[in-house]
Amino acid sequence: MIISSATDFREAARRKLPPFLFHYLDGGAGAEQTLRANVDDLQAVKLRQRVLRGSEQLDLGVQWFGEDYALPIALAPVGLAGMYARRGEVQAVRAACRHHIPFIQSTVSVCPLAEVAAQASKPIWFQLYVLKDRDFMRDVMRRAWELGATTLVFTVDMPVPGNRYRDAHSGMSGANGPMRRVLQAMLHPRWAWDVGVFGRPHDLGNISAFRGNATGLADYIGWLGANFDPGIAWQDLQWIRDEWKGRLVIKGILDPDDARDALAFGADGIVVSNHGGRQLDGALSSAAVLPSIAEAVKGKLTIFADGGVRTGTDVFRMLALGADGVLIGRAFVYALATQGQAGVERLLAIMEKDIRTNMVLTGVKSLREVGPQLLAR
Ligand SMILES: Cc1cc2nc3c(=O)[nH]c(=O)nc-3n(C[C@H](O)[C@H](O)[C@H](O)COP(=O)(O)O)c2cc1C
């Protein structure tokens, strides 16, 4: 099939993956209203077309925390990415490094930090959940630091897991899950061979490194379920700010007051995010809240945003709404599932071209010039 966009990668991934994996990636919480709103609200953002402004020498580079990056994009933390392609996190980090952008490794990655860091030509960013097991948190932060991670992305919008109805239908959870997953794998031989057989161990590498025994996919839900901490509050997190010597980014901010709290807490950055519509169904989309959050904290910390980004134009829209950087989640995993590292690189090249074209058509030479003045009202 012809692939020229993330939408094509999604369709190719749908064909290749066992349904339980495709729907785990593709789905959201509840009736998936927030998931849809992320995409719809972003696509509804209109840009001002400007002409004859001499945009020939384009600068697509950005600087975050004193480091230069080639594009305003980072690969979002996606748990279980290693189930979508053989040693998926390794392939993704290689693609990110080739494009000089950050790869953010999830706490619940299949590949352990050491395996990913060994393949990265740039420092990785590590994502951490708030978990009851503080010894695990300390241990994994120490390992990330020793492996050269510069930035800790601390996800706070998952004190409890969202209710994802699709997972019960797809076999990811619910009755007969294990049997259905095996059956689906057998019916998807390309995936079964590449990832099911050669992508092993199917482990949660960071967790087994701590617990000292291999934890399979079935253990994933159990360990995480027992470890979410709904009682957590800002004051309980101070030890993390004190302990982590690198940059700290709080992920999962959707309200200007929480953005101000993150600033007061001492965060270096935030990710405006509703976890890709996987947590509070009925929450506003990232595109809808971003301008008010930018108004509250722009220039005081680095604002990243994610949710519904499928094209370079969507990246551009997020910047126009007030973001300093944009995370892509599902889009890169559709590409990873389809073509591995080459797929992610191809997606990034497609997005880069979109951004370049948009810069010319909106009359800007540098991404520093992209802001609310480019919004057509
Ligand atoms: C399958 C899947 C797994 C995810 N796992 C994590 C995770 O482990 N940690 C985290 O902070 N966010 C996680 N997220 C949320 C993403 O980091 C990101 O916020 C979201 O995917 C952005 O929306 P988009 O997919 O529309 O780009 C996950 C998202 C998906 C789709």
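Placed from the backbone N, Cα and C atoms, the Cβ positions cover glycine too.
Under the heading domain 'FMN hydroxy acid dehydrogenase', TrEMBL lists 1-377.
In the three-state DSSP scheme, Arg164 (glyoxylate binding site) is classed as coil. Around Arg164 (glyoxylate binding site), taking its Cβ as the centre, 21 other Cβ atoms fall within 10 Å, counting all chains. The glyoxylate binding site annotation in TrEMBL covers Tyr24, Tyr129, Arg164, His275, Arg278.
Look at TrEMBL and you will find 77-79, Ser106, Gln127, Thr155, Lys251, Ser273, 306-310, 329-330 tagged as FMN binding site. With a cut-off of 8 Å between CB atoms and residues at least 6 apart in sequence, the same chain places Ala6, Arg10, Leu25, Asp26, Val78, Gly276 near Arg330 (FMN binding site), listed in sequence order.
Taken from TrEMBL, the feature active site, proton acceptor covers His275. Neighbour count (other Cβ atoms within 10 Å of the Cβ, all protein chains): 25 for His275 (glyoxylate binding site).
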Rounded to the nearest Å - Cα separation of Arg278 (glyoxylate binding site) and Lys251 (FMN binding site): 14
Secondary structure at Lys251 (FMN binding site), reduced by DSSP to three states: strand
Filtered binding-site residues, from Arg164, His275, Arg310, whose Cβ is under 6 Å from an atom of ligand 1: His275
Secondary-structure category, per DSSP, in which Tyr24 (glyoxylate binding site) falls: helix
Tyr24, Arg164, His275 filtered to the binding-site residues whose C-alpha is within 10 Å of Gln127 (FMN binding site): none
Pairwise Cα distance for Tyr24 (glyoxylate binding site)/Pro77 (FMN binding site) [Å, integer]: 15
